[in-house]
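So the structure is just underneath, and the comments pick up after that.
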Amino acid sequence: MFMKAPVRVAVTGAAGQISYSLLFRIASGDMLGKDQPVILQLLEITPALEALNGVIMELEDCAFPLVAGITGTDDANVAFKDADYALLVGARPRGPGMERKDLLEANAAIFSAQGKAINDNASKGIKVLVVGNPANTNALIAQRNAPDIDPRQFTAMTRLDHNRAMAQLANKLGKTVNDVKKMLIWGNHSSTQYPDLHHCEVDGKVAIDQVEQDWYENDYIPTVQQRGAAIIKARGASSAASAANAAVDHMRSWALGTDEGDWVSMGIYSDGSYGIQEGLIYSFPCTCKNGDWTIVQGLEVNDFSRGKMQATEQELAEERDAVSHLLP
């Protein structure tokens, strides 16, 4: 089988829970294809290097044919050197008594440094996905610190919300997720996100016409918005495997393209489409082709949707303003 030249994939927080589900998927070819060798460049904080070494030992012990090399480091300049893809998974979790503003500031320091390291060391064509929360604003901070990289190359993950929304809808209608097309998450990866069923199709028919409005507004939307919290309550830990799966899905769609007649939700640099402030990292419906994304244009937005879209935009603007003194 013809093998392509290896690509370099940087992953941060590489000894953490999400990465433990993620790295083996990348190494097996789930993300970039079964014909694409990868060199894994794994970043951790110094105290976690020993744990990272254990993960690297396990990756070696899988003897994945597509793995052309693995490095582990606590130096961002080394981790991002010539990287073609970067998955920024590591972030400061919210500790007891921490306000959201404290969390934003703690992460701003991390993502500023990583943005600079990407700018100075990575391939200029790098594709960056931020998974670590607050993902949209962390992506914005990294992007602003990488002036030599096209802002379109920094994205935030709302694919987990997209997948959650598909599963909830399929369950409600007694269908499978294969029957669901054109799911759409607008806005922030937070409890203000807006899962929009007005353009979504199930079995080729508009989804919103197949459900009661009351269920949609008072059951479905809050369930999707608060799914992460529900998993923490049930499992005693945050969603790791499903987050890793969504990261693989996001990157695969971006790198290899979306299916004909369907789209995906991606947190991307707003160009002002749908009246959303330019420069925010906001989730839009996107199609992907040849390694590039395009916002799906011309969707009708009713008053209900507009209100929801503006509420999540407002939250993103507030997050940006809270860290604006730290942005270049």
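Glycine is no exception: its Cβ is also placed from the backbone N, Cα and C atoms.
Small disclaimer: the values here were computed from a predicted structure and weren't measured.
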- Matching residue for the substrate site, where Swiss-Prot names Arg94, Arg100, Arg164 - out of Asn53, Asn133, Asn136, Asn218: Asn133
- Note on the structure: For Ser19 (NAD(+) binding site), the spatially nearest of the recorded positions Arg94, Arg100, Asn133, Arg164, His189, using Cα atoms, is Asn133
- Query: Listed recorded positions are Gly13, Ala15, Gln17, Gln114, His189; which of them have CA atoms within 10 A of the CA of Asn133 (substrate binding site)?
  - Reply: His189
- Between Arg100 (substrate binding site) and Gln114 (NAD(+) binding site), what C-alpha distance do you get in Å? 21
- Would you mind listing, in sequence order, the residues at least six apart from Gln17 (NAD(+) binding site) in the same chain with a Cβ closer than 8 Å to its Cβ? Ala237, Ser238, Ala240
- Task: Measure from the Cα of Gly13 (NAD(+) binding site) to the Cα of every one of the recorded positions Arg94, Arg164, His189, then give the nearest.
- Result: Arg94
- For substrate, with binding residues Arg94, Arg100, Asn133, Arg164 per the record, max Cα distance (Å, no decimals) returned as 24
